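Taken straight from TrEMBL:
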- 108-220: domain 'Glycosyltransferase 2-like' (DOMAIN)
- 282-421: domain 'Glycosyltransferase 2-like' (DOMAIN)
- 49-75: transmembrane segment (TRANSMEM)
- 399-429: transmembrane segment (TRANSMEM)
- 441-467: transmembrane segment (TRANSMEM)
- 544-564: transmembrane segment (TRANSMEM)
- 570-593: transmembrane segment (TRANSMEM)
Amino acid sequence: MEPNVVSLIKTGDLIWNEGSPIDLTDLTECSVYLLREIRNLLIVPLVRIVVVVCLVMTVLILVEKLFVGAVALAVKIWRLKPERRYKWQPIAPDEEEGSAAYPMVLVQIPMYNEREVYKLSIGAACGLKWPSDRVIIQVLDDSTDPEVKSLVDLECQKWKSQGVNIRYEVRGNRKGYKAGALKEGMKHEYVQECEYIAMFDADFQPESNFLLRTIPFLHAQPGNRTRSSSMEIRLVNRNSSSINFAKLSNFQALPDRKPPNFIEIFRAVNADECLMTRLQEMSLDYHFKIEQEAGSSCFAFFGFNGTAGVWRIKAITDAGGWKDRTTVEDMDLAVRAGLRGWKFVYIGDLKVKSELPSTFKAFRYQQHRWSCGPANLFKKMAVEIIQSKKVSIWKKLHILYDFFFVGKIVAHTLTFIYYCVLIPVSVFFPEVEIPLWGVAYVPTIITLCKSVGTPSSFHLVILWILFENVMSLHRTKAALTGLLDAGRVNEWVVTEKLGEAQKTKPATTREADLTKNLLVDTHEQTNPCILKPKKQQTRFWHRFYYSELSVGTFMLLCGCYDVVYAKEGYFIYLFLQGLAFLVTGFGCMGTHLPDS
């Protein structure tokens with residue numbers, strides 16, 4: 001019997017003669033055989049390698065979650081609050097010195113076309129309880145809309161007429177974005193009088209006692225020299241969940257140690273606005289209540305979130321000031337300050353009202369910046385962190401491994417590659433076995449660890465995980481963009497704030513008329529670095545997100561294949577996750593504005 005083409009390929013005896021007719025049957029058999037060999041010799045081993053790598057990374061994340069959870073639990077059980085660790089005492093007026101007993105504080109409010117919320121932040125800042133001659137409110141307006149600039153200037157003049165020491169500052173361009181504005185704001189002569197800086201984004205509304213609660217952590221008291229003067233707190237910082245937190249840092253300069261330097265806190269006012277804001281609240285509660293608490297307690301380090309924080313000006317100067325090399329100028333400053341020996345302390349019971357992005361488009365832009373920036377910063381600072389000589393090897397290991405590698409790289413990429421690509425693809429490769437502990441047990445433990453931040457929303461945990469997996473698509477793309485320093489690596493899109501826009505119709509027209517009649521704008525108009533594109537008429541399909549639709553369709557097809565052929569039992573997860581991608585892709589997450 002004449003051998004077939006497949007057997008000839010196996011023995012290497014197949015020779016094609018020029019001009020000989022091609023048998024389609026033999027060609028088909030040859031193609032099928034070659035594809036099978038490629039599958040068995042290349043694709044299957046590659047998939048197995050990816051499975052092993054993903055399982056190892058999953059274990060790394062599990063260990064990290066258990067560690068930070070244990071630290072946060074210990075802090076709660078033993079009540080190791082910052083007030084107890086740093087012997088917090090209120091600043092009391094001195095009979096001889098009077099208000100001079102209070103340090104000079106600069107309150108910075110950077111903003112960009114914040115029509116909906118500018119009054120809230122300026123009003124809250126001007127309402128802070130502190131001696132009026134010991135505080136300066138600085139509004140850094142980068143707005144490109146002349147009407148908004150006039151409204152903000154008018155608001156500042158209104159408060160100035162009431163005796164508030166408020167300064168309205170603009171610049172000729174938006175170079176460096178927020179970092180550039182903050183850096184420019186530090187150059188003014190009156191800033192030299194100040195010892196501390198409190199920072200608030202335009203949608204943040206601090207309580208009136210904010211400075212009274214935070215500054216004592218930074219300011220050494222005459223009657224508390226034994227502990228306070230031995231530590232110089234650099235930063236008091238905030239939480240990004242529905243409950244606010246404060247972070248505090250202190251400087252360690254051998255042989256002396258001085259008091260803390262930075263505090264940050266925040267509470268979302270619109271957490272119940274829609275399902276998407278509820279899910280954001282769960283993620284941010286875990287980040288602040290657990291991760292930030294653990295970083296502060298064990299390593300006196302955490303990432304500054306850019307708002308609702310109090311810094312010691314000396315720490316900012318010592319760290320090299322603001323830099324605009326990435327889109328996370330706040331984290332950049334925190335890492336450099338940490339490497340200079342400054343320590344951070346986190347405070348968990350101080351609240352500052354703020355707003356979560358409630359439209360999916362705004363949330364996507366925010367997550368791109370929050371994922372791309374840290375990855376890009378990691379690439380640019382890894383060598384500097386390793387070579388730093390002012391901090392211990394354990395703190396450097398924490399910053400490199402726990403803070404950056406696991407928290408900013410692995411957590412994003414693993415979620416998408418493992419749960420949204422590898423598990424669906426595995427149904428086509430029965431030879432590849434993913435252990436049950438790697439599919440069910442470990443992910444369940446990680447989920448439970450991350451859900452403790454918001455017990456009241458535990459019933460949403462399944463929806464939360466599905467939505468986090470959807471967002472991992474964009475976080476992975478952003479992280480890779482940051483690592484490769486390509487594409488949209490330096491893209492900065494200001495997160496859209498709605499304020500009260502959806503509850504009450506703002507009287508912006510009347511305000512604008514008043515502005516034109518009462519105010520002559522003498523400031524130079526800010527020119528954008530990139531011209532803002534004109535709004536075009538939107539079509540209904542413009543609200544679709546095609547990357548989510550593509551991944552959702554792929555996962556549904558994998559689920560159908562699992563039901564009919566593979567029978568691995570993954571189809572329930574694949575159907576749920578696929579539907580989550582489709583629901584998001586069709587624009588059904590978040591709120592919708594009439595003109596969106």
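Cβ coordinates are placed from backbone N, Cα and C, and glycine is handled just like the others.
Across the domain 'Glycosyltransferase 2-like' (282-421), DSSP helix (H, G, I), strand (E, B) and coil residues number 92 helix, 14 strand, 34 coil.
A Cβ distance under 8 Å defines the sequence-distant neighbours of the transmembrane segment (399-429), meaning residues of its chain 6+ beyond its ends; these are 43-44, 47, 50-51, 54, 57-58, 60-61, 64, 291, 295, 299, 301-303, 335, 338-339, 371, 374-375, 377-378, 382, 385-386, 439, 443, 468-469, 472-473, 475-476, 478-480, 483, 551, 554-555, 558-559, 561-562, 565-566, 568, 570, 573-574, 577. Same-chain neighbours of the transmembrane segment (544-564): 360, 364, 420, 424-425, 427-428, 470, 473-474, 570-571, 574-575, 577-582, 584-587, counting only residues six or more beyond its ends whose CB sits under 8 Å from a CB of the stretch.
Within the domain 'Glycosyltransferase 2-like' (108-220), the DSSP-based counts of helix, strand and coil residues read 50 helix, 23 strand, 40 coil.
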